[in-house]
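Presented below is the structure to which this report refers.
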Amino acid sequence: MDISKQSVEKIIAAVGGKDNIIAATHCVTRLRFALKDENKVNKDNLDKIDIVKGFFSSNGQFQVIIGPGLVDKAYDIFISITGIQSATKQEIKDAAEDNLNIIQRLVKTLADVFIPILPAIVAAGLLMGINNILAGKGIFFANKALIDVYTQWKDLSDVINLIANTSFTFLPALIGWSAVKKFGGNPLLGIVLGLMLIHPSLLNAYNYGEAVTKGTVPYWNLFGLKVAKVGYQGQVLPVLFSSFLLAKLECQLNKRIPDSVKLLFVAPIALLITGFLSFIIIGPITFTIGNAITYGLVFIFEKLPLIGAILYGGFYSVLVITGMHQMFLAIDFQLIASTGGTFLWPILVLSNIAQGSGALAMMFVSKNEKIKGLSFTSAISAYLGITEPAIFGVNLRFKFPFFSAMIGSAAGAIVITLNHVKAPGIGVGGLPGFLSIFPQQWSIFFVGMLIAIVIPFILTLILSNFKGFKSSDSTNKESLENKKSDNEESINYITKENEIILSPLNGKIIPLKEVPDPTFAQELMGKGIAIDPSDGVLVSPIDGTITLLFQTRHAIGIKTDSGVELLIHIGIDTVKMNGEGFKSFINQGQRVTAGQKLIEFDLNLVKEKSPSAVTMILVTNVDDIKSVEPLSIDIIKQGNELLSVTV
């Protein structure tokens, strides 16, 4: 497919014209714009452009999906038309961040800090749930825990509890590492800062209230200045603000101190200044602010539980769309530290389930086989705690399932809020989320879960009749069939009836609909499957020619002898890594054979620096084929049969 100058001109006009574009770049599939005003984007016109497969806004960047092998041509034409200087990925990122308002910047900062430490927190939450089953009274025996009856399990429970509590006990150290890294400092100093704030010689924050009542709070006397000798166990804001100060101090000192003596002066000075200010100013102030936020939320949910449940339960999914849900992780941690549990996390679990039920109902409503498949897999994903495919791929697309899920989530939230359901830690969402709840509250939580399952499902079925969805769905199907008929003349040469695609990776099979990126989950880039890799070696899945090798080495295109066009995309948003950790063994235009090594990548680095290492294997010329069928499930090895392409 050729990219015409006229199509690119239409894209420029649709995003608000040249004057609305601050900077632009591209990845392997998308044009990425930093715009002055996204309100000037004419989405209706953009959607009508033939080469545009989709678009969305994320973190201040407006992204237009073109496709592999085409986007670079579109970008070259864009540069020639506008005369705008080619920008790097970092320049676009910086320009996009400048385009964010203060709330968006705050949300993005919190997300950048907390997302890297989520694996440790989720693992701790799940282990805590397992320990709750062992140590919770009344689950299996009246007024007794499992370990009370089977005492040989007690030590096992103690070990699990120790492992589970480690992440929460040393939470300031985890936050310090991630926050200092985010703010541009040495993350190891962030760990030291976090551990310093919970040093054993300090009064434990959990005992602070009792010490104040008894008048036994210890103090330092710093030349006449009394400073409370108090730790910040479980606190978020003190270490967050202190990390910002530490990182900025370190950066300034690195600029001013000669390289020969940096090791002797930079870290000690930065830690000393930050340490003093943390205990004298930052800690006491942010500790007070954190407690005020906590007590404010507790007041709302205790005195006005209906309002709190309806607002958070009903609108949590809206927060997911905006990305603002990330900031509530900090509040969850604060609630756990201050009150011993969070009432927000159980509501989040119900919201996941409700969105899954809305998507599941669409499987019974739709006549379109593609929508049916997408609805089912998205529902399963949401029931397991990953809602993005359900929200972006199905529910928002048709709107009424999304609103049905909001209503069901709010109804379930009312029930569990009125019964004071709490979670002692953060675990997974969706149906397994009950493991994160105090065992004594499981029965009422299951009632809330049932409400979150049933109400969205039934409401979606009812509203589909009022919306006349079935008839419009049939129209859409007919339109798609007509479009396919119109494109039959442009079919590439493909002579074989079946093409077997082998696995290029070792790892675990992931359905495409469960990939945490709407571009891939909605099959905008093509049909196929995803693999969560267990190592960092990617080999060719088939004999063919390398048609695309992106300069960052995170994506590669292969065309088989029979004309099937494949795109292999390593990880999500790995374009931002700018090639770090990737090494290629082939060149564009080179002939390759199945099993030949193509790319090596640092799997741990990809997991650290990108949202996910899940790798997509896609057939992109979908108009030229009849079907793409998976041949494997669960665990797969390199060279095993992965996909069957029918032409």
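Yeah, the Cβs are placed from backbone N, Cα and C, and that goes for glycine too.
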Matching range for TrEMBL feature annotation, transmembrane segment, among 210-232, 371-393: 371-393
Same-chain residues at least 6 beyond the ends of the transmembrane segment (400-421) whose Cβ lies under 8 Å from its Cβ atoms: 301, 305-306, 308-310, 312-318, 343, 346-347, 350-351, 353-355, 357-359, 361-362, 391, 394, 437-438, 441, 444-445, 447-449, 451-457, 459-460, 463-464, 467, 469
Cys27 (active site, phosphocysteine intermediate): secondary structure state under DSSP, collapsed to three categories: coil
Surrounding CB atoms that lie within 10 Å of the CB of Cys27 (active site, phosphocysteine intermediate), all protein chains: 23
Tertiary contacts of the transmembrane segment (309-331), as residues 6+ beyond its ends and Cβ separation under 8 Å: 59, 103-104, 106-108, 110-111, 114-115, 118, 236-237, 240, 293-294, 297, 301, 342, 344, 347-348, 350-351, 354-355, 387-388, 391, 396, 402, 405-407, 409-414, 416-418, 426
Secondary structure content, the domain 'PTS EIIB type-1' (5-88) (per DSSP, counts of residues): 34 helix, 22 strand, 28 coil
